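K.L.:
Take a look at this one; I'll ask things after.
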Amino acid sequence: QFFVFCHGLLQLSQLLVSGYLKSSVSTIERRYGLSSQTSGLLASFNEVGNTLLIVFVSYLGSRVHRPRLIGCGALLVSLAGFLMALPHFLTGPYQYDHSVASTFSNTTDLCQPRAPGAGANLSDASCPPQGSRENQEVLLVMFVAQTLLGIGGVPIQPFGISYIDDFASHSNSPLYLGILFSLTIVGPGVAFMLGSAMLRFYVDIDKVSSAEVQLTNKDPRWVGAWWLGFLVAASLVALCALPYFFFPREMPKEHWPLVLSGFPVVLLRNLRHPVYLLVVLAQVNISAMVAGLATFMGKFLERQFTLTASLANMIIGAVNIPGAMVGIVVGGAILKRFQMSLRQCSALCVLGMLLCLLAAFPLLFLGCPTQKVAGVTHWDRYLSIQGGHTPATGTSGSGHHAMACNARCRCPERGFNPVCGSDGVEYTSPCSAGCSSVALRPDGSVLNYTGCSCVGAAGAARPGSCGTGCSHLFVPFVVLSCLAGILASISHTPSFMLILRSVQPEDKSFAVGMQFMLLRVLAWMPGPVLYGSAIDTSCVLWDRRCERRAACRYYDNTLFRHRYLGLQFFFEVGAF
């Protein structure tokens, strides 16, 4: 029982490390200028180390000291967690554009028409020679960490489960394994809650005093302390690893029926089994959907409903993930209550997916239009000077088209400090709104901007994004997406039963191993990359760093929603 307790804690904290990255994806993108395709690749990279080794390690099974190997794996996971936080300590403080001179810099992004020679504005040459190299180092460290995370996780689940199954009494074993499986679903939920807590702190909490930070966490330039969660999770894993070095190896010798010469025969026998193959393909579709959901749902909620990263994580951790757990439990309960046959199991799966489709379809229409951003998505009054043409949306130019009303300001190309004009139009910086003066609060934060030549009559603007202004759709969206999640996860347990009962008894463990392998290769690895690429295609304004395309500043919200949720809907139809 102590082993089960330790193993539960270890699995929970291991999932905390791997799940935490997903909760801080949008923050890391902003901090290091990554596209969603890159961050999707990063999120799925831990599966690479895992997949390469899992079959081999499961085969070693009883020939090794399992608890000790689990302990070593856990130490690797812990090391990976600390490595994930390392880039924060390697790079300098986070730089963002601001209107008020501070201890860091005396530049400003207000409109300053004077002195053609003196570049008092934010310099366009904001490309330090070490910038691009620093960025490659950050990515390299993170990809190495994700690979180690995958490798370290290999022994944890298979060895823990087989160890428990070997020594627990037959009547208790299912209970123990049930506890562990339920923890594997709680884990990501806790990770999102941890993300929610950590992203409320400013990223450089250890480098600058709180008095010097002029941002609130509602500001579009805000970057939360993404690295803190990795330190917390990695420390927990390290603590959980210790007891494993003191568990005994002692175990009656198992007999290994799997002779490798019979391997191809068993493989073909299972892959030619129509029920097995179809159920696994359905699970691949569901898993691909979940992979994209888990990785980018937070980012999606932030952009569609103008939420802070912290609140978006809170919703996912407190609503969506518990919903999925409820679905799994309900599916298992229905099976047990009605003692279902295989045909009834498959009917239950189909019904669950059909209802899920009905709940998920309206989500495609529950969302917000793109906010009006002058010179990016909104063009009246701002015919640009270059021949007065009106670019279509989807111009992934580097931003500031000189507009007639701010031509005298000579704004920097890549300034980003959004302000919301009193006319309800958003501008990428006070300079692009033509604002010439700023009013401060007593604590030094910006109250508002005045004298803005691009804004209508009032000529004033307040700091921060205008937002998408459709918060009334947020609750229906969360309710429906939670419902769709519950309905989709009802099919979880019956689909497992279909696999376990349709293959030959001696192939059982092999069939499950093959299934996990296929899910990893076909769903968990490509899923986030596919979703990330789809999200990138809906970007209308890219930030540029050193001539390199960095993170996306603005998305076409309708396209983002249709591509992101459309992809999700496509996989749900596939599963059905």
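Counting starts with 1 at the first residue shown.
Heads up, the Cβ atoms here are built off N, Cα and C, so glycines get one too.
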K.L.:
Given 42-62, 441-461, 525-545, which one carries TrEMBL's transmembrane segment label?
P.N.:
42-62
K.L.:
Most CB pairs under 8 Å with the transmembrane segment (175-203): which of 69-90, 314-335, 347-367?
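P.N.:
It is 314-335 that shares the most Cβ pairs under 8 Å with the transmembrane segment (175-203).
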K.L.:
Decide whether the stretches the transmembrane segment (69-90) and the transmembrane segment (347-367) have at least 3 CB pairs under 8 angstroms, with pairs required to be 6 or more apart in sequence.
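P.N.:
Answer no, regions not in contact.
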K.L.:
Could you pull the average pLDDT for the domain 'Major facilitator superfamily (MFS) profile' (1-576)?
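P.N.:
That region's mean pLDDT is 82.
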